[in-house]
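Written out below as C-alpha coordinates is the structure these notes cover.
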Amino acid sequence: MSGPPPGIDISSAGGPPPRVNTGRGGYVDPNWPFPGGPNDAPVIIYGYTPSFALALLAAILFCLYFVAHLFQVVRYRTVYFCTFPIGLAFEIVGYIARCLSAKVNPYNLIFFIIQYFFIVTAPVFLAAGIYTILSALIHRLGREYSLLPPKWILWFFVTSDVVATITQITGAALIGVKQKKREDPTAANNILLGGLAYQVFAIGLFIILSGVFIFRARRQIKQAGLTLFIAAFSAATLLIYLRTVFRLAETAEGLGGDLSTKEVYFGTLEFLPVVLAVPLLNVWHPGRCVGRSIASDSKEKAGIVELDSRG
(Lines of atoms letter the chains of each structure in order from A and count residues from 1; the text may use other names and numbers.)
(Lines give C-alpha, C1' and ligand atoms only; values in the text may rest on other atoms or scores of the structure.)
Protein backbone atom coordinates (compact mmCIF):
# COMPACT_ATOMS: atom_id res chain seq x y z
CA MET A 1 0.00 0.00 0.00
CA SER A 2 1.37 3.39 -0.96
CA GLY A 3 2.64 5.74 1.70
CA PRO A 4 2.08 9.50 1.95
CA PRO A 5 3.36 11.77 -0.79
CA PRO A 6 6.58 13.72 -0.35
CA GLY A 7 6.27 16.74 1.89
CA ILE A 8 3.34 15.47 3.98
CA ASP A 9 4.04 14.02 7.42
CA ILE A 10 1.17 11.82 8.59
CA SER A 11 2.75 11.36 12.00
CA SER A 12 1.24 14.58 13.23
CA ALA A 13 -2.15 16.14 12.71
CA GLY A 14 -1.46 19.27 14.73
CA GLY A 15 -2.33 21.76 12.04
CA PRO A 16 -4.16 22.02 8.74
CA PRO A 17 -2.35 20.54 5.74
CA PRO A 18 -1.79 22.46 2.53
CA ARG A 19 -4.86 22.81 0.33
CA VAL A 20 -3.74 20.55 -2.50
CA ASN A 21 -4.67 17.31 -4.18
CA THR A 22 -2.13 14.92 -2.69
CA GLY A 23 -2.36 12.25 -5.40
CA ARG A 24 -1.68 8.70 -4.22
CA GLY A 25 -1.28 9.74 -0.59
CA GLY A 26 -4.69 11.25 -0.05
CA TYR A 27 -6.73 14.32 -0.80
CA VAL A 28 -7.54 17.59 0.93
CA ASP A 29 -10.95 19.12 0.19
CA PRO A 30 -10.53 22.88 -0.26
CA ASN A 31 -14.19 23.35 0.67
CA TRP A 32 -13.90 21.38 3.95
CA PRO A 33 -11.92 23.02 6.79
CA PHE A 34 -9.45 20.62 8.38
CA PRO A 35 -10.90 19.63 11.81
CA GLY A 36 -7.56 18.81 13.45
CA GLY A 37 -9.09 16.36 15.92
CA PRO A 38 -7.20 13.48 17.58
CA ASN A 39 -8.78 10.94 15.20
CA ASP A 40 -8.36 13.06 12.08
CA ALA A 41 -5.80 12.33 9.37
CA PRO A 42 -4.12 15.31 7.71
CA VAL A 43 -5.51 14.10 4.37
CA ILE A 44 -8.75 12.44 3.26
CA ILE A 45 -7.61 8.85 2.86
CA TYR A 46 -10.38 8.01 0.40
CA GLY A 47 -8.67 10.23 -2.19
CA TYR A 48 -11.94 12.17 -2.51
CA THR A 49 -14.76 13.41 -0.32
CA PRO A 50 -17.33 10.57 -0.37
CA SER A 51 -20.74 11.21 -1.90
CA PHE A 52 -23.38 11.45 0.80
CA ALA A 53 -26.14 10.68 -1.70
CA LEU A 54 -24.49 7.42 -2.77
CA ALA A 55 -23.78 6.32 0.81
CA LEU A 56 -27.30 7.17 1.98
CA LEU A 57 -28.91 5.40 -0.98
CA ALA A 58 -26.80 2.31 -0.28
CA ALA A 59 -27.66 2.32 3.44
CA ILE A 60 -31.39 2.60 2.69
CA LEU A 61 -31.38 -0.10 0.01
CA PHE A 62 -29.38 -2.55 2.10
CA CYS A 63 -31.69 -1.93 5.08
CA LEU A 64 -34.68 -2.84 2.90
CA TYR A 65 -32.91 -5.90 1.51
CA PHE A 66 -31.85 -6.97 5.01
CA VAL A 67 -35.43 -6.86 6.30
CA ALA A 68 -36.70 -8.77 3.25
CA HIS A 69 -34.00 -11.45 3.43
CA LEU A 70 -34.33 -11.89 7.19
CA PHE A 71 -38.09 -12.30 6.80
CA GLN A 72 -37.60 -14.88 4.05
CA VAL A 73 -34.99 -16.84 6.00
CA VAL A 74 -37.43 -17.07 8.92
CA ARG A 75 -40.46 -17.76 6.74
CA TYR A 76 -38.85 -20.51 4.66
CA ARG A 77 -36.65 -21.74 7.54
CA THR A 78 -33.59 -21.65 5.32
CA VAL A 79 -30.92 -21.83 7.99
CA TYR A 80 -28.32 -22.59 5.33
CA PHE A 81 -28.93 -19.13 3.82
CA CYS A 82 -28.62 -17.16 7.09
CA THR A 83 -25.20 -15.77 6.15
CA PHE A 84 -26.88 -13.62 3.50
CA PRO A 85 -28.66 -11.28 5.95
CA ILE A 86 -25.45 -11.21 8.04
CA GLY A 87 -23.59 -9.89 5.01
CA LEU A 88 -26.31 -7.29 4.46
CA ALA A 89 -25.99 -6.17 8.10
CA PHE A 90 -22.28 -5.61 7.44
CA GLU A 91 -23.14 -3.53 4.36
CA ILE A 92 -25.52 -1.37 6.43
CA VAL A 93 -22.91 -0.64 9.10
CA GLY A 94 -20.29 0.13 6.46
CA TYR A 95 -22.46 2.56 4.53
CA ILE A 96 -23.70 4.31 7.66
CA ALA A 97 -20.07 4.97 8.55
CA ARG A 98 -19.52 6.19 4.99
CA CYS A 99 -22.48 8.55 5.42
CA LEU A 100 -20.77 9.97 8.50
CA SER A 101 -17.56 10.42 6.53
CA ALA A 102 -19.42 12.26 3.80
CA LYS A 103 -21.60 14.44 6.02
CA VAL A 104 -19.77 14.87 9.32
CA ASN A 105 -16.02 14.59 8.75
CA PRO A 106 -14.20 12.97 5.79
CA TYR A 107 -10.84 13.31 7.60
CA ASN A 108 -11.98 11.10 10.50
CA LEU A 109 -10.03 7.84 10.62
CA ILE A 110 -12.63 5.99 12.70
CA PHE A 111 -15.35 6.54 10.09
CA PHE A 112 -12.99 5.47 7.32
CA ILE A 113 -11.84 2.34 9.15
CA ILE A 114 -15.38 1.20 9.98
CA GLN A 115 -16.72 1.67 6.45
CA TYR A 116 -13.65 0.04 4.92
CA PHE A 117 -13.75 -2.98 7.23
CA PHE A 118 -17.47 -3.73 6.89
CA ILE A 119 -17.90 -2.99 3.18
CA VAL A 120 -14.83 -5.04 2.21
CA THR A 121 -15.83 -8.10 4.29
CA ALA A 122 -19.62 -8.07 3.74
CA PRO A 123 -19.61 -9.94 0.38
CA VAL A 124 -17.71 -12.84 1.97
CA PHE A 125 -20.90 -13.65 3.88
CA LEU A 126 -23.01 -13.13 0.75
CA ALA A 127 -20.77 -15.57 -1.14
CA ALA A 128 -21.19 -18.12 1.67
CA GLY A 129 -24.95 -18.08 1.12
CA ILE A 130 -24.51 -18.48 -2.62
CA TYR A 131 -22.23 -21.50 -2.09
CA THR A 132 -24.95 -23.37 -0.22
CA ILE A 133 -27.39 -22.96 -3.11
CA LEU A 134 -25.41 -25.27 -5.39
CA SER A 135 -25.45 -28.03 -2.78
CA ALA A 136 -29.22 -27.62 -2.39
CA LEU A 137 -29.66 -27.74 -6.18
CA ILE A 138 -27.62 -30.94 -6.44
CA HIS A 139 -29.81 -32.61 -3.83
CA ARG A 140 -32.91 -31.36 -5.60
CA LEU A 141 -31.98 -32.34 -9.16
CA GLY A 142 -29.61 -35.28 -8.78
CA ARG A 143 -26.02 -36.05 -7.78
CA GLU A 144 -25.16 -37.61 -11.13
CA TYR A 145 -25.05 -34.15 -12.74
CA SER A 146 -22.38 -32.84 -10.39
CA LEU A 147 -18.65 -33.35 -10.76
CA LEU A 148 -18.36 -33.74 -6.97
CA PRO A 149 -20.71 -34.93 -4.19
CA PRO A 150 -22.72 -32.06 -2.68
CA LYS A 151 -21.23 -32.66 0.77
CA TRP A 152 -17.70 -32.20 -0.59
CA ILE A 153 -18.72 -29.06 -2.44
CA LEU A 154 -20.43 -27.62 0.62
CA TRP A 155 -17.54 -28.32 2.99
CA PHE A 156 -14.86 -27.11 0.59
CA PHE A 157 -16.53 -23.80 -0.17
CA VAL A 158 -17.68 -23.18 3.39
CA THR A 159 -14.12 -23.84 4.56
CA SER A 160 -12.80 -21.57 1.80
CA ASP A 161 -15.20 -18.87 2.90
CA VAL A 162 -14.06 -19.19 6.52
CA VAL A 163 -10.42 -18.87 5.42
CA ALA A 164 -11.23 -15.87 3.20
CA THR A 165 -13.31 -14.27 5.97
CA ILE A 166 -10.64 -14.62 8.66
CA THR A 167 -7.90 -13.42 6.33
CA GLN A 168 -9.84 -10.42 5.05
CA ILE A 169 -11.10 -9.42 8.50
CA THR A 170 -7.56 -9.66 9.87
CA GLY A 171 -6.13 -7.63 7.00
CA ALA A 172 -8.85 -4.99 7.09
CA ALA A 173 -8.60 -4.68 10.89
CA LEU A 174 -4.81 -4.33 10.77
CA ILE A 175 -5.10 -1.70 8.05
CA GLY A 176 -7.38 0.24 10.38
CA VAL A 177 -4.94 -0.08 13.26
CA LYS A 178 -2.00 1.01 11.08
CA GLN A 179 -3.92 3.97 9.69
CA LYS A 180 -4.96 5.08 13.17
CA LYS A 181 -1.35 4.87 14.40
CA ARG A 182 -0.11 6.67 11.25
CA GLU A 183 2.07 3.66 10.39
CA ASP A 184 2.84 1.96 7.07
CA PRO A 185 -0.05 -0.47 6.33
CA THR A 186 1.70 -2.39 3.54
CA ALA A 187 1.95 -5.70 5.45
CA ALA A 188 -1.70 -5.48 6.50
CA ASN A 189 -2.67 -4.70 2.92
CA ASN A 190 -0.83 -7.84 1.77
CA ILE A 191 -2.84 -9.96 4.22
CA LEU A 192 -6.07 -8.51 2.85
CA LEU A 193 -4.77 -9.06 -0.67
CA GLY A 194 -4.16 -12.75 0.10
CA GLY A 195 -7.70 -13.16 1.43
CA LEU A 196 -9.20 -11.49 -1.63
CA ALA A 197 -7.02 -13.53 -4.00
CA TYR A 198 -8.15 -16.76 -2.37
CA GLN A 199 -11.79 -15.64 -2.55
CA VAL A 200 -11.41 -14.87 -6.27
CA PHE A 201 -9.96 -18.36 -6.76
CA ALA A 202 -12.74 -20.02 -4.74
CA ILE A 203 -15.57 -18.18 -6.50
CA GLY A 204 -13.95 -18.89 -9.87
CA LEU A 205 -13.83 -22.61 -9.09
CA PHE A 206 -17.41 -22.43 -7.84
CA ILE A 207 -18.52 -20.85 -11.12
CA ILE A 208 -16.90 -23.70 -13.07
CA LEU A 209 -18.54 -26.41 -10.94
CA SER A 210 -21.90 -24.63 -11.08
CA GLY A 211 -21.66 -24.18 -14.84
CA VAL A 212 -20.93 -27.86 -15.42
CA PHE A 213 -23.80 -28.90 -13.14
CA ILE A 214 -26.27 -26.51 -14.77
CA PHE A 215 -25.30 -27.70 -18.26
CA ARG A 216 -25.65 -31.38 -17.34
CA ALA A 217 -28.94 -30.88 -15.48
CA ARG A 218 -30.47 -28.45 -18.00
CA ARG A 219 -33.42 -30.76 -18.80
CA GLN A 220 -34.20 -31.37 -15.14
CA ILE A 221 -33.95 -27.62 -14.45
CA LYS A 222 -36.53 -26.95 -17.15
CA GLN A 223 -38.83 -29.75 -15.95
CA ALA A 224 -38.63 -28.48 -12.35
CA GLY A 225 -39.50 -24.91 -13.44
CA LEU A 226 -36.20 -23.56 -12.12
CA THR A 227 -35.00 -21.78 -15.27
CA LEU A 228 -35.58 -18.27 -13.92
CA PHE A 229 -34.11 -19.19 -10.54
CA ILE A 230 -30.96 -20.55 -12.21
CA ALA A 231 -30.67 -17.33 -14.23
CA ALA A 232 -30.98 -15.25 -11.03
CA PHE A 233 -28.54 -17.48 -9.16
CA SER A 234 -26.00 -17.30 -12.00
CA ALA A 235 -26.31 -13.52 -12.36
CA ALA A 236 -25.93 -12.96 -8.59
CA THR A 237 -22.85 -15.20 -8.52
CA LEU A 238 -21.19 -13.39 -11.42
CA LEU A 239 -21.97 -9.97 -9.92
CA ILE A 240 -20.40 -10.90 -6.58
CA TYR A 241 -17.42 -12.31 -8.49
CA LEU A 242 -17.05 -9.04 -10.43
CA ARG A 243 -17.05 -7.07 -7.20
CA THR A 244 -14.42 -9.37 -5.65
CA VAL A 245 -12.15 -9.09 -8.70
CA PHE A 246 -12.42 -5.30 -8.43
CA ARG A 247 -11.45 -5.37 -4.76
CA LEU A 248 -8.52 -7.63 -5.54
CA ALA A 249 -7.26 -5.24 -8.22
CA GLU A 250 -7.82 -2.24 -5.95
CA THR A 251 -5.95 -3.82 -3.05
CA ALA A 252 -3.11 -4.93 -5.30
CA GLU A 253 -2.76 -1.36 -6.53
CA GLY A 254 -2.77 0.06 -2.99
CA LEU A 255 -5.11 2.18 -0.91
CA GLY A 256 -3.89 5.34 -2.65
CA GLY A 257 -4.11 3.95 -6.18
CA ASP A 258 -6.36 5.11 -8.99
CA LEU A 259 -9.02 2.44 -8.34
CA SER A 260 -9.43 3.51 -4.72
CA THR A 261 -9.16 7.28 -5.20
CA LYS A 262 -11.89 7.67 -7.83
CA GLU A 263 -15.37 7.15 -6.45
CA VAL A 264 -16.78 6.25 -9.85
CA TYR A 265 -14.96 2.90 -9.58
CA PHE A 266 -16.35 2.33 -6.10
CA GLY A 267 -19.87 3.14 -7.26
CA THR A 268 -19.84 1.00 -10.40
CA LEU A 269 -17.68 -1.94 -9.27
CA GLU A 270 -18.39 -2.21 -5.52
CA PHE A 271 -21.82 -0.74 -4.82
CA LEU A 272 -23.63 -1.53 -8.08
CA PRO A 273 -22.79 -5.26 -8.46
CA VAL A 274 -23.81 -6.04 -4.87
CA VAL A 275 -26.94 -3.90 -4.93
CA LEU A 276 -28.04 -5.67 -8.13
CA ALA A 277 -27.17 -9.19 -6.94
CA VAL A 278 -29.01 -9.10 -3.61
CA PRO A 279 -32.60 -8.45 -4.81
CA LEU A 280 -32.33 -11.23 -7.40
CA LEU A 281 -32.23 -13.71 -4.52
CA ASN A 282 -35.10 -11.89 -2.85
CA VAL A 283 -37.38 -12.38 -5.84
CA TRP A 284 -36.10 -15.91 -6.48
CA HIS A 285 -35.33 -16.93 -2.92
CA PRO A 286 -33.70 -20.37 -2.61
CA GLY A 287 -35.98 -21.30 0.28
CA ARG A 288 -39.01 -20.90 -1.97
CA CYS A 289 -37.50 -22.14 -5.24
CA VAL A 290 -35.16 -24.95 -4.17
CA GLY A 291 -35.98 -26.10 -0.66
CA ARG A 292 -35.88 -25.26 3.02
CA SER A 293 -32.82 -27.30 3.88
CA ILE A 294 -29.83 -29.15 2.49
CA ALA A 295 -30.65 -32.84 2.74
CA SER A 296 -28.61 -35.05 5.05
CA ASP A 297 -27.24 -38.42 3.99
CA SER A 298 -30.21 -40.23 5.48
CA LYS A 299 -32.64 -38.01 3.61
CA GLU A 300 -30.62 -38.47 0.46
CA LYS A 301 -30.91 -42.26 0.67
CA ALA A 302 -34.60 -42.12 1.51
CA GLY A 303 -35.84 -39.34 -0.74
CA ILE A 304 -33.34 -37.98 -3.20
CA VAL A 305 -32.93 -41.31 -4.97
CA GLU A 306 -36.66 -41.36 -5.57
CA LEU A 307 -36.56 -37.80 -6.86
CA ASP A 308 -33.66 -38.63 -9.18
CA SER A 309 -35.49 -41.61 -10.60
CA ARG A 310 -38.43 -39.38 -11.47
CA GLY A 311 -36.04 -37.07 -13.34
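Cβ atoms here come from the backbone N, Cα and C positions, even for glycine.
TrEMBL annotations:
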- 43-67: transmembrane segment (TRANSMEM)
- 79-97: transmembrane segment (TRANSMEM)
- 109-131: transmembrane segment (TRANSMEM)
- 152-176: transmembrane segment (TRANSMEM)
- 196-217: transmembrane segment (TRANSMEM)
- 224-244: transmembrane segment (TRANSMEM)
- 264-284: transmembrane segment (TRANSMEM)
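Contact count against the transmembrane segment (224-244) (Cβ pairs under 8 Å) is highest for 264-284, out of 43-67, 79-97, 109-131, 196-217, 264-284. Below 8 A, the CB atoms of the transmembrane segment (43-67) and the transmembrane segment (264-284) form 3+ pairs separated by six or more positions in the chain. Nonlocal intrachain contacts for the transmembrane segment (152-176), taken as residues 6+ away from its ends with a CB within less than 8 angstroms of a stretch CB, comprise 1, 109, 113, 116-117, 120-121, 124-125, 127-128, 131-132, 134-135, 138, 146, 185, 187-196, 198-199, 202, 206, 209, 255, 294.
Through the fold, the transmembrane segment (264-284) approaches residues 51, 54, 58, 61-62, 65, 68-69, 72, 84, 88, 91, 119, 122-123, 126, 129-130, 228-229, 232-233, 235-236, 239-240, 242-243, 246-247, 250, 258 of its own chain, all at least 6 residues removed from its boundaries and within a Cβ separation under 8 Å.
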